[in-house]
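The next block holds one structure in the form of structure tokens; read it before the comments.
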Amino acid sequence: MRLVRTFLSLLALVSTAVEGRSATGQRVLVIVEHAINRADYSQFWDSLQARGFELTFKGPKEETHQLVEYGERNFDHLIMMTPSTSSFADHLRPIRLLPTLLESGINTLFLSSPSQTDATSSLYREFDLEFSPSQTSLLTHNPLPGKSGSYVAFDLEDGLHGEVPLSVIPESVRQKGRSASSGVGRKMVVPEGLTHTPGSNPFLIPVLHAPPGTFTGDLPRLSSSDDSSEEDYDDDNERRTKNKLQQVIAGEEAGLVSVFQSRSNVRFGWVGSVGMVKDDVWTAETLNPEFISSLTSWIFQETGVVKVLSTEHYRIREAANGGAEDGTIKETRDRFKGYTVKEDVTYEIALAQHDPSSSSSSSLNASYVPFEIDDLQLDFTMLDPHIRTSIPFAGEVVTSSGIRAGLYRKTFQVPDRHGVFKFVVDWWRPGYSFVHESDTTSVVPFRHDEYPRFIRGAFPFYTGAGLVSGGFLVFCWLWMHLGVEGDKVGRGNGVEKEGKKTK
Amino acid sequence: MSTPIPPGPAGREVKLAYPIPKISKTTLINTSALLRFTILTVISAAAIASRLFAVVRHESIIHEFDPWFNYRASKVLVNEGFYEFWNWFDPTAWYPLGRVVGGTIYPGLMVTSGIIYNVLHYLNFPVDIRNVCVMLAPAFAGLTAWATYLFTCEMADESTGLLAAAFMGIVPGYISRSVAGSYDNEAIAIFLLMFTFYLWIRAAKTGSAFYSTLSAIFYGWMVAAWGGYVFITNMVPLHVFVLVLMGRFSNRIYTAYSSWYVIGTLASMQVPFVGFLPVRTSEHMAALGVFGLLQLVAFVGIVRRLVPDKQFQSLLKTFVVLAFTVALAVLVLLTTSGWIAPWTGRFYSLWDTGYAKIHIPIIASVSEHQPTAWPSFFFDLEMLIFLFPAGVFLCFRELRDEHLFIIIYAVLSSYFAGVMVRLMLVITPVVCVSAAMAFSTLLKTYMDPVVPSIDMDTDRDSVIIDEKGEKKTPRAYAEKVKASKPGIYGLDTRLAVLTPLVCSLVMFVYHCTWVTSNAYSSPSVVLASRNADGSPAVIDDFRSAYKWLRENTEEDAVIASWWDYGYQIAGFSNRTTLVDNSEYGVTHIATVGKIMATDEATAYPILRKHDVDYLLVIFGGLIGYSGDDINKFLWMVRISQGIWPDEIQEPNYFTPRGEYKMDASASPTMKNSLMYKMSYYRFPDLFGGGQAVDRVRQQVIPNTPIELNVIEEAFTSENWIVRIFAVKKEDDIGRGLPESTAFAKGTKLKKSKSAKVGGAKKKGSQKA
């Protein structure tokens, strides 16, 4: 066993060096509870390892292998296969786990089963997911021959949520699912699925819901005789009565698989049934391998990962000494204190998408390809957006770090308002990393010598000033040269005398 | 003080009450000149020395609030040059609006210290700009004493001048704004005020265009230095106007005022902040009007000389009526059409003390703008306030042109000083001058050794050979003697009056020193207190908090605090502030008031919109520092109520019985306000279950723990005076901050926020 594990980890190590498919890392911590036999899921583990992930298996109460130590994460992703566990090691307790995951950016796949505990359900409620009470399951009236009612098989398009982004479930998987309707096979199989209803949390993306003709109900006891984990909740009659479904949910309301991307692009996924990744349904006949693989690809930051490589803003000015070939120079933010009002300013942002298929070199940089979209928008904002404009794709660029990226560029005129402005690019699309870039700059008023020296509208004033000055000089000249000597003196004294007289 | 009076030159024997040594006239003149110089130097030295208490007690530090901005601006001026200073746009103030500093300040102070700094460096004195700034006020106080001496000499004689200079040097009313470290506009403005007045009096007396030009130049400097220049702008025209009304118009006045007005107005318009105000606001219209009036009067004078008397009378009447009507019509027309700005609110508040409280709470909220309490007159001026009317009375007795100036100054400034505390500063010089005149007259009368005799009236000229302007006194004196022969005959009478006078002078010095030392020498960023054993202790919470900010926050962090602390945060911590002491935008101040006055849920979006990272409150409840934010809180409420009357209402912050209380009976609005929560957060914990007593308000704070959701405590200073709270970011997974706080505390959700429990729709309800 040990040898196998060593070999596996060695294999994983080698494959990491070669591939590096996830944008954030390959280390996965898998927490498997004792009720679940890890070997029953070997196909799933193998598929992950084949994609280059290093798996570390631990029990829910093991204190070793902290997710994060000294502020550095030991694992990049987490798989929680612990539906029926109610007490965890300290670092895995929900109250500790959730902040750790969010702060350190650890992506997590949660696997549920009808034996899910209340503690786990209440953790999921933080994500605005309401799981059905334990001991309930997705049921069908038309089970497959030889299977119980809780073993639901259906066409993907019957269960796929209408707005699932292609980056989560790509077209190829959907295509394979479609062939199921033409009778080939390749159906989704959900054995003993615990359903949930996704709330209105904007970060939540429902992926798979219950197909028509299915509903949630109490887990049929007779059919679960072959379930290995049956013993756990056999004698739990009291809880079952308490948790009895108040209302049955079905169809689109009954979610089976949902994913979540946090504000800081940490991804989570919930799969309503551990059985979906079990070896007996992980076969070439079902669509589960493809579906789960594409799902984990998204959760573990392989697909739909968009990165802002650089942003820049500058003004174009006539070069004083002809430094650049076209007679203009870029003045970057280091060289001036801010833009002047009504100035033309150019903003650039470089976006790249992670490409999991590029396994050419060990360099992580090479795994990015230019990202081209046509709905990127730029705000120039101070409290409120003063300018809101689209920022078009301007071609590919190779950044200084050697990454090929898509460059977006916009030139616009700064509004006639001084203050601290922000260039904000906000691009939130489900299935992709949220792009939120904010660059602060200040817009300053004209300097005292930047106003035009002479303006046409002021010519009356110039004329007026000139005339008065000239008139004064003429008056002085007349006063000095035309006045009679005696008269001048007399006039001065006269007023003086008047003044004294009134006194 | 008073020059000994020698016996008459005619050789006639004068009876003396006490013997005086025989000194030749030249020696006397030389000695008195030397004495005057020495005394003036000593007075200046005393003026400087008494302002150094703060530096000796604490350290060479900039005081209070506004000086911190002036200091920061001076640093920019010195480090980056005059043009950079002129065009300085400060993006860290009034975030995110920014402040165009160069165009919104009176640069005189910074330019003055910048010049001093550069001169000293040119002379190879490597002085730090901070020390220049700290010492600027005492240095200029020394100059003020000199200017007061010159000014008073124009009014009376040199001995009065010296007395006035001594008063001015140490009077607390002036020291309050000019101790070392009090680097504010007033520090140089009072010197400029006195010197401008002196030059104006010289110009009006002599009709010298040279002096009036000098006066205008100093007026220009004054305009560049202090907004109070408007006082001069109205004082001088008023003086001229009264002179004209009294029929004392002369070519001297005409020359002096016309040169002063034209050059002074042009000079004042060079200050960017003032710009076209002198021709476009009502405050400056009096000066313009008097300028016009003088031209008319001079013109009438010329016409009168040329036209026969009879026609002149009717001509004059028509002309005066016409001119008055036209001028008034033009003024009204220009005002209504918006070319001339009407009186600003700040000015209205000078006439109606209740005006600001109703209409512009932002002005009323400043403690300096409160009406003056009567004890502060005695506190700031001591015996001078009693001598002041006597001095004004003496001016009436002589009533020369310059005495009119004193009278007008006294009347105007008495009113203003009663209306606003900060205008105490304006009345102080005239009080010193008048009191010196009264005191000097008393001293002179009783120190005069000449015993009245019956034959004295025959040679009145021989009694006193003194400075000009004193010629009337002996005559009046002699006439009195002739009438009833009253007078001071013996040495005992003299001593009986002189002894109390000298005693009161000593008391005055004692009082001034005491007030300076105890009331006006606190830097207010460092508080002095005493330990239980009586040893002095320093409460340094402000500086430690600002240091924390400087060292522990991001360089572009935005700090929201009440505007009083804006300059200090910028000066000490070099961080961006939302509002500061420049009273630049009412809406912005009201926004901060709203943040403080509303509950967390309302405040949070505002905080995030303004990118606020930290909130700073001053809380004095633990050690009894009464100048804290809760005592200013009602102003925040009032100011934000002015902008959002629907959301903030002042009555909601009082108890049902209308009391402003923080204890258990405080209103819910008060208890939910961010200000209350930040101030008393964890406060009862300090008392370990005992009664948590707020020592400022003497109220018991309820023990219920205060919960903060959208902010978290980041720093609290040693004595809890400064408390800094960090604003949380939005929750990463889209919960409300109260929910995420609850989760962090271990509360488990029983129900998700919006997801349906078990499905609510009926249509899918199939039974298993």
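Here the Cβ of each residue, glycine as well, is placed from N, Cα and C on the backbone.
According to TrEMBL, the feature transmembrane segment maps to B:33-54 (among others). Sequence-remote contacts of a segment are chain residues at least 6 beyond its ends whose Cβ falls under 8 Å from one of its Cβ atoms, and for the transmembrane segment (B:33-54) they are 61, 63, 137-139, 141-146, 149, 158, 162, 165-166, 168-170, 175, 178-181, 512-513, 516-517, 521-523.
Here TrEMBL flags B:36-435 as domain 'Oligosaccharyl transferase STT3 N-terminal'.
Look at TrEMBL and you will find B:100-120 (among others) tagged as transmembrane segment.
TrEMBL lists B:132-152 (among others) with the feature transmembrane segment.
The feature transmembrane segment is assigned by TrEMBL to B:158-175 (among others).
Under the heading transmembrane segment, TrEMBL lists B:187-204 (among others).
Residues 106-109, 111-112, 185-186, 188-189, 192-193, 195-197, 199-200, 204, 253, 257, 259-264, 267-268, 270-271, 274, 278, 283-284, 286-287, 289-291, 293-294, 297, 401, 404-405, 408-409, 412-413, 416, 426 of the same chain lie 6 or more positions beyond the ends of the transmembrane segment (B:216-246) yet place their CB under 8 Å from a CB of it. The transmembrane segment annotation in TrEMBL covers B:216-246 (among others).
Long-range neighbours of the transmembrane segment (B:258-279) within the same chain, counting only residues 6 or more positions beyond its ends whose Cβ lies under 8 Å from a Cβ of the stretch, are 86, 102-108, 200, 203, 209, 212-213, 215-217, 219-220, 223-224, 229, 233, 236-237, 287-288, 290-291, 294-295, 341. According to TrEMBL, the feature transmembrane segment maps to B:258-279 (among others).
The annotation transmembrane segment is assigned in TrEMBL to B:285-307 (among others).
Within its own chain, the transmembrane segment (B:319-341) is flanked in space by residues 277, 280-282, 285, 289, 292, 296, 300, which lie at least six positions past its ends and keep a Cβ under 8 Å from the stretch. The transmembrane segment feature in TrEMBL is assigned to B:319-341 (among others).
Long-range contacts of the transmembrane segment (B:377-396) within the same chain: residues 155, 167, 171-173, 176, 403-404, 406-407, 410, 417, 424, 428, 430-439, 441, 504, 507-508, 511-512, 515, 519, each at least 6 residues beyond the stretch ends and with a Cβ under 8 Å from a Cβ of the stretch. TrEMBL lists B:377-396 (among others) with the feature transmembrane segment.
Within the chain, the transmembrane segment (B:403-421) has long-range Cβ neighbours (under 8 A, six or more residues past its boundaries) at 155, 197, 200-201, 204, 231, 234-235, 238-239, 242-243, 246, 349-350, 353, 367-372, 376-377, 388, 391-392, 395-396, 427, 430, 433-434. According to TrEMBL, the transmembrane segment annotation covers B:403-421 (among others).
For the domain 'STT3/PglB/AglB core' (B:557-607), the model's average pLDDT works out to 88. As annotated by TrEMBL, domain 'STT3/PglB/AglB core' applies to B:557-607.
The region 'Disordered' annotation in TrEMBL covers B:745-768.
The annotation compositional bias 'Basic residues' is assigned in TrEMBL to B:747-768.
The transmembrane segment (B:100-120) and the transmembrane segment (B:158-175) are not in contact, since fewer than 3 Cβ pairs between them lie under 8 Å (pairs 6 or more apart in sequence).
Panel annotation: around the transmembrane segment (B:187-204), residues 108-109, 112, 136-137, 140-141, 143-144, 147-148, 150-151, 154-155, 168, 174, 177-178, 211-212, 214-215, 218-219, 221-222, 225-226, 228-229, 231-232, 235-236, 239-240, 252-253, 256-257, 259-260, 401-402, 405, 409, 425-426, 428-429 of the same chain, lying at least six beyond its termini, place a Cβ under 8 Å from a Cβ of the stretch.
Cβ atoms under 8 Å from those of the transmembrane segment (B:132-152) belong to residues 40, 43-45, 47-48, 51-52, 55, 60-62, 67, 70-71, 74, 109, 112-113, 116-117, 120, 158, 160-169, 174-175, 177-184, 187-188, 190-191, 194-195, 197-198, 201, 429, 432-433, 436-437 of the same chain, restricted to positions at least 6 beyond its ends. Remark: secondary structure over the domain 'STT3/PglB/AglB core' (B:557-607) totals 31 helix, 6 strand, 14 coil, with classes taken from DSSP.
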